[in-house]
Amino acid sequence: NPCCDAATCKMRPGSQCAEGLCCDQCRFMKKGTVCRVSMVDRNDDTCTGLSADCPRNGLYG
């Protein structure tokens, strides 16, 4: 993984994340970036800009 130093098992300097739907090239994706398209309505899940996780929009749990 280019975001981690294999020798130390730690993140490389400047890396914010190593994986996740809201992680792109070791950085958190911008707030509002669609990370999961809704198949039911138009309330797509979007990145927060603060995490690599893709939070649910909360409407359907």
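These residue numbers are counts, starting from 1, taken along the chain as shown.
Glycine is treated like the rest: Cβ placed from N, Cα and C.
Keep in mind that what you see is a predicted model, and the values were worked out from it rather than measured.
Counting only same-chain residues at least 6 apart in sequence, those with a Cβ under 8 Å from the Cβ of C3 (disulfide bond) are M11, R12, S15, C17, A18, C23, C26. Per Swiss-Prot, the feature disulfide bond maps to C3-C26 (among others); the stated evidence is similarity to another entry.
Annotated disulfide bond per Swiss-Prot: C17-C23 (among others), in sequence order. In the three-state DSSP scheme, C17 (disulfide bond) is classed as coil.
Shown in sequence order, F28, M29, T33, C35, C47, T48, S51, A52, D53, C54 are the residues of the chain, 6+ apart in sequence, with a C-beta less than 8 angstroms from the C-beta of C22 (disulfide bond). As annotated by Swiss-Prot, disulfide bond applies to C22-C47 (among others), with the evidence given as similarity to another entry.
Look at Swiss-Prot and you will find C35-C54 (among others) tagged as disulfide bond.
Helix, strand and coil residue tallies for the domain 'Disintegrin' (1-61), in that order: 0 helix, 13 strand, 48 coil [DSSP]. Per Swiss-Prot, the feature domain 'Disintegrin' maps to 1-61.
Its Cβ placed at the centre, C35 (disulfide bond) has 19 other Cβ atoms within 10 Å.
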